[in-house]
Structure formats: C-alpha cells, structure tokens
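Trainee: Below you'll find the structure I mean.
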Amino acid sequence: MSVVSALLNRRVARGCGRLWSGVPRPLTHIRSASVAEPGTRRSDEEQLWEAAGHPLFTRARIGSFFQEKAVLKNPFLEDALLQGYLRRHLPQEVVFSDLCAFGERVAKEVDGWGRECEVNPPRLVHFDPWGRRVDHIVTSEAWRRMKDLSAQEGLVAIGYERSFGEWRFDRCFTTFSSLACVLYFSLTNSFCPCLIGCIFCVIGCFSRVYQMSKLYIYCPSSGLYTCPLAMTDGAAKVIQSIGVSWPVEEAYSRLTTRQPELFWTSGQWMTERQGGSDVASGTETVAVPQTDGSYKLHGFKWFTSATDADMTLTLARVQDRMGATAPGSKGLSLFYAEVSRDEDGRLRGIEVQRLKDKLGTRQMPTAELLLDGLPAHRLSDEGRGVASIANMLTITRIHNSVSAASTMRRVLQLARDYATRRTAFGKLLKDHPLHMQTLARMEVETRGAFLLVMDVCRLLGREESGIATQLDTHLLRLLTPVVKLYTGKQAVAVVSEGLESFGGQGYIEDTGLPGLLRDAQVLSIWEGTTNVLSLDVLRCVARSSGMVLHAYFTHVKSLLAGASSVSSLAPAVKAVDGSLSELEEFVQGAATRGQSYLELAARDLAYSLARIYTGALLIDHACWKGASPSDSYAALRWCERDLCPVAAKQKRGYYDSRTPPLDAALVCDQPTEG
C-alpha cells in the first residue's frame, strides 16, 4: 500500500469522509497561513504528507519570502542638496546640529505620529450625551502632540526670532564701507556704529531659510500639521505688518512662542459658498458694529482649514447704520476673532455644520462654519481687507511650495531605499539602468523645485530684515505665485511616479504611500489654482509697469555670468541664455497685443518663468566651490527640456484670436444627430 493510500484510509476510518447528496464528499486541500510553532512536534500524519511530496492537508506553507519595506532614514542626513545649500548660505554649526537632531526625531518618532493622524482622522461630535450642542472636533492624540512639537522646535518661531543671518559681509557691504569699518576699529578698538547697524539688519536674513529647511524635513511626516502652521505663520506676518498692539498683542506672542502651553495656531476663514479665490465678489459675511468698538460676525464660511485653531483671521463687510454694505473688494475688511467657549461649553458665535470629506489631507479638520454673532475686532482700515491679507498669501504660498518640494524629496528618498531592497528579474532595482534613469529624472525635478523654493525663502528673509534691494522686492513679488503654481504641479507628477516605483505596494493604503499622492493633489489647488496664479503673475507685471520682469531678466543674466568660465556647464548656460532671449522677445511682442492674448498665454508664461529661473539657479549652485559632480549633471539635465514653452507655442498660434472658439468647440463637442 502506498503512503498516500495509507493516509487516506486512516482519514476515512476516523470518519472524516462526509456524505454529500448520498455520495462521499471528496477531500479538499485547505490553504492556511498557519505554521507549526517553533519547537513543536509534527504529527505522523503531517510527516506522511510531506514524504508524499504533497502540501499539508490541514495547513499549507506560505513560503519564506517577505519583501523588505522601504526605511525612512534621517531626512537631513540623506539629503545632499539640502546640506550643500545650507553650507553655502548658513555656515553656523548650530543650524546643522539642530537640523540633524530634528531629522533623527522625525525618522524615529514623528513619522509614526503622522501615520496615526492618517488612520485616526478628526470627527465631529455635535451634541453631548444630554442633547446640548457642543460641536467638538475630536482629533487624535498624535495631532495634539504635533502642536506641542511645533512650539518646541520653533517651526513658526524661528521665522520671527531673527537669530540667524547671512554672516557674509561680501553680500552686505560695499568694499569701501567694509574697509572704513575696519579702519574705525583699528583706531578706536571698538566697532563702527554703521557696522553694528549692518550686523543687526542682516540678523534674520536667513532665518526664513533655516525655518523653511526645518519644515522641509518635517512636512511629509507631520500628518498635515504643516497646514495650520502655514496659516499661523501667515497670521503672525499680518499682525506684524499691521502693528503688534491691542487687541492682537497677546495673540502674536502666542503664535510665535516656543512654549507648548502658550502656543496658538490660527485659522484662515476666507472661502465662502460663492467662490474661493474670488473673495471680492464671493464674500457675504457681514460685521455688525458694537457699542464698545468691537464687531459681531454673521455669515457662512464654506471651507475653513484647521478648524480646531485657537483664533482666526477672516474677511467680512462692515454694515452701516442702515444695515447696508459696500460691494466688491472695497467693502471688505480684515477681522481677528478668538475661538472660545462659554460656561456651558458651547462655541461662542460659531456652529460647526459638518467636516469636509476630502480626497486627501484627511488628517486635518476642515469644516463648514456658520458664524452667528462671532465676537471679532477689525484689524485693517475699513475696506482694506484684501490688501491686508497680501502678506498672509505670500507666506502661505511659500509654505505650500515647501510642502511640494519636501513631498517630492520624501517619495524619492523612500524609492531610493527601496531600490536597494527589492529584487526583480534577477537583480536589485538599483542595478536596472532604466529604473535608475526614472529616479534620476525625479531627482532633477526635485532639485529644481528645492532651489526655486529656497531662493524665494531667501528673498523673503532679505525683505523682512530690511536689506532687500528693489530688485529683491520685485523678484519676491513675481516669483511667489510662480513657485507655488509650478511646484504644486511638479509634486503631483513626481509623487505619482514615485508610487509607481514601488509597483503594487505603492497602491496599497496601509503602506502609507498612497496618502502622499492624495495629499499632494491639494498643493495645486489651495491658495490659488494654477490658472488663478498665472493671472496673478500678469497682474504683478502690470502693477509694476513691467519692473518685476526687468528684475527677473537682470538677475538671471547675473547668475549666468557667474558660470561663463565653467566649460562643463556651457550647454546648460547656452540653453538658459537662449530661452531667456526668446522670453524677452515674447514679452516685447505680447506688450503690443490685447489683454486676451496675454491671458491665453498666462499659464505657459508662468511655466517659462519657472523653468528658466530654475535652470539658472541649478547652474549657479553647480558653480560654487563645494558643488558636486551631481550638481553639474542635474543642471545639464534640467536644461535639456523646453525651457520657454510660451515662445514655442506662440509660434504655433496657440494664443491667436481664432483659438478660444476652437477650444470651446472642442470641449463642448456634441454627437451629431442621425
């Protein structure tokens, strides 16, 4: 008798065969993931099945292979470009030690909190057990830890402490003034008053670079807590620009403190049901004056991010004695309100209607709010609300850009690590040239985005420190919408490619990878869509009478001049210089055309501005004495693309007057009858 026959007979004798419609039911192999515990003795029956070369009857092996996951290492130590940029611009060792320690904390502790925020999103509790309306937004413990961490690490405070400056006097003084100060010191053995003044004016010039570098490390692990931090930073900036005095003096100190028990976050309640970016015509909220000089707000805020904030800035229309309000942007004023509860636990003047069910950013509470007599104070002059939030938009758009660049960097760091762990077709992914080519293309995009973002941060720091030239000011105004719109689009493309590099695992929710893509999608929407910001670029050009473009051309040419003697970069320099000439030619020609022509070209113009400027920055970075061969290679690869799409499309007639009706007909094309 064979081994198998003996085993089957034993099974039947034990009564394992069951009748099914009068016929003995056939034995079935049941697959199970269970395996014998180490040290346990297998039965004779199991040994018989193995001897027969068949899988176990009651349990089956699942195999010994398990794919290693990608490991998040210290994001600061893993980022050669970030370290190189900071060595070039921030030589203080204290910055490096802080970022290194923070990067270690992010990898070992904070990233886990971010994942907890993702799997335990906020929920809204309208009523207490006794039926009283409470409108509690319940967030995870990890979300609350993020708030304490943000204060402790100074993620907002650094930008206002002005503790770090560009201690590079070659950028701050003329040769004459520097020699004069040295001579004064040699004669008096004390510092020249003008030197002391210059030192204090440059303190903080690079505080923004330091702050944004820290946020760059933190963002992908923050569980989206960088969003309330962006609005908090924006609110602090607005208060600072208006004047730190009552009633916002305490609020400012809380927004910029490092003490967790005192730290506040701010909301930004602008969007109403009629529209997002068009606040001038879309704002219906009214402000009713009170006898004590304060106001009560009544309206409906359709989209309020970080609704669990401690305070908010918002727009409303002041009612006159007859109850009338002024239309348009001239009727809007800026208001400050604290979010508080009365003695019964109810929100004062606020009802939370519902939380938004979003594609991504689910970690953060976003709600629809009914303002029903919310106590508030007017911060701006009446009718100057839109102008007063300009500084806030600058800050939040820069934060958005930092988030875009950091998300690109994070998915690339994980993909790079995974390439050293995943074997396919007989070798590791890192040994497949096509795979590494794909990652290299992602790296070029990420490097370009990083340098573009950091240059805008540098310009912001110079403006805030009072040492910005007119050229700096013009560049900051032009590049803020450009960097936001371009990096937002880059992030979606790069993160999508990054997920693909993980194969099927990139599509599985519990790896945490799909959340990167869902969250990246908001970056091209929040604080102005791509088209809205492209039109903002046109407004910027018009309001400055073209001076912002003059500053742009001047600065790009100066960056290229510094690389004129580096032969290895000659192809990149030639490409940027040629594209810059094409852009100048387009601008000169477009100036003679109508407004509709420019509006059609606005998006491509913004992309051209971003690509050319980024190419110049990559070239400039590849020229400094600490640059690596990879810096040069990245510059060359970036400049191989079409750097000036607006010129190429102009030649094809994309912006001619016949194009809009053709576009509309194409979009609205309907099937013909019959």
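Each residue, glycine too, has its Cβ placed from N, Cα and C.
Feature list, courtesy of TrEMBL:
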{"type": "DOMAIN", "residues": "73-163", "note": "domain 'Adaptive response protein AidB N-terminal'"}
{"type": "DOMAIN", "residues": "268-372", "note": "domain 'Acyl-CoA oxidase/dehydrogenase middle'"}
{"type": "DOMAIN", "residues": "383-539", "note": "domain 'Acyl-CoA dehydrogenase/oxidase C-terminal'"}
{"type": "DOMAIN", "residues": "547-667", "note": "domain 'Acyl-CoA dehydrogenase 11-like C-terminal'"}
Trainee: Could you name the stretch, out of 73-163, 383-539, 547-667, with the greatest number of CB pairs under 8 A to the domain 'Acyl-CoA oxidase/dehydrogenase middle' (268-372)?
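Mentor: Looking only at 73-163, 383-539, 547-667, the most contacts with the domain 'Acyl-CoA oxidase/dehydrogenase middle' (268-372) come from 383-539.
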Trainee: For the domain 'Acyl-CoA dehydrogenase 11-like C-terminal' (547-667), what is the mean per-residue pLDDT, to the nearest integer?
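Mentor: PLDDT averaged over the stretch: 97.
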Trainee: Which residue counts does DSSP yield for the domain 'Adaptive response protein AidB N-terminal' (73-163) in the helix, strand and coil classes, in that order?
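Mentor: Once the DSSP states are binned, the domain 'Adaptive response protein AidB N-terminal' (73-163) shows 53 helix, 11 strand, 27 coil.
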